[in-house]
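So that you can see what the record holds, here are the features copied from TrEMBL:
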| type | residues | note |
| --- | --- | --- |
| BINDING | ASN108, HIS113, GLU118 | oxalate binding site |
| BINDING | HIS111, HIS113, GLU118, HIS163 | Mn(2+) binding site |
| DISULFID | CYS32-CYS49 | disulfide bond |
| DOMAIN | 63-217 | domain 'Cupin type-1' |
| SIGNAL | 1-22 | signal peptide |
Amino acid sequence: MALKYFLLTIAILAVVTSISHASDPSPLQDFCVAVNDSKSAVFVNGKFCKDPKDVTADDFFRPGLNVPGNTSNQLGSVVTAVNVNNLPGLNTLGISLARIDFEPYGLNPPHTHPRGTEVLVVLEGTLYVGFVLSNPGPKMKNKLFTKILHPGDVFVFPIGLIHFQFNVGKTKAVAFAGLSSQNPGVITIANAIFGSDPPINDDVLAKAFQVDKKVVDYLQSQFWWDNN
């Protein structure tokens, strides 16, 4: 147990010591519509700032990451995030954290964090992880980097790149991730493409994926589970 907390501390410190290279203070929301009404102003990083005299230790505290998340879903995984939306003291600090629980053969599906690099440390189980590079050169494909991780192993997913984690073991797995943004965001690829609202035109997807429109229509009719 002491090893687990030691490894978790190392992972968090790795993110904290790299704050100068974190994605913040780049925009922490997908867009910001300008308004002339000062009452609607946003002060710092998309959040209003609490009066310093009203700040307490509880603003920097959140319990519960020792409790496993509910993995009873189609993916067999769940992400328990700690970010500025549920730990207000993180505002402007450029870091966040997540616990990821996996059932045997559970998957955290291909996704990206548009505003943060991820450092993952495995506490229990065996994970097959990987990420895909962007912008391949001429006559090249997007290169895939993969690794099998065991307890104590650490792996880095660069900001914005598609990545995944898959429990290849017959037992449950647990990992913790530090992210270089107070609100890194997550785009799950399948959900975004086939589960958008409103749906992307099936002619677009059929041509993009070079498949029959019936395949696209079938995929768009499915329920795409969000494990975050």
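A Cβ is built for glycine as well, from the same backbone N, Cα and C atoms used for every other residue.
Counting neighbouring Cβ atoms within 10 Å of each of the recorded positions (CYS49, ASN108, HIS111, HIS113), the lowest count belongs to CYS49. Over all protein chains present, the Cβ of GLU118 (oxalate binding site) has 24 other Cβ atoms lying within 10 Å. Taking the C-alpha positions, the distance from CYS49 (disulfide bond) to HIS113 (oxalate binding site) comes to 25 Å. Apart from the site residues ASN108, HIS113, GLU118, the chain places the Cβ of ALA98, HIS111, THR112, LEU120, PHE157, HIS163, GLN165, ALA177, LEU179, PRO184, VAL186 no farther than 8 Å from the centroid of the site's Cβ atoms, the recorded oxalate location. Its Cβ placed at the centre, HIS163 (Mn(2+) binding site) has 22 other Cβ atoms within 10 Å.
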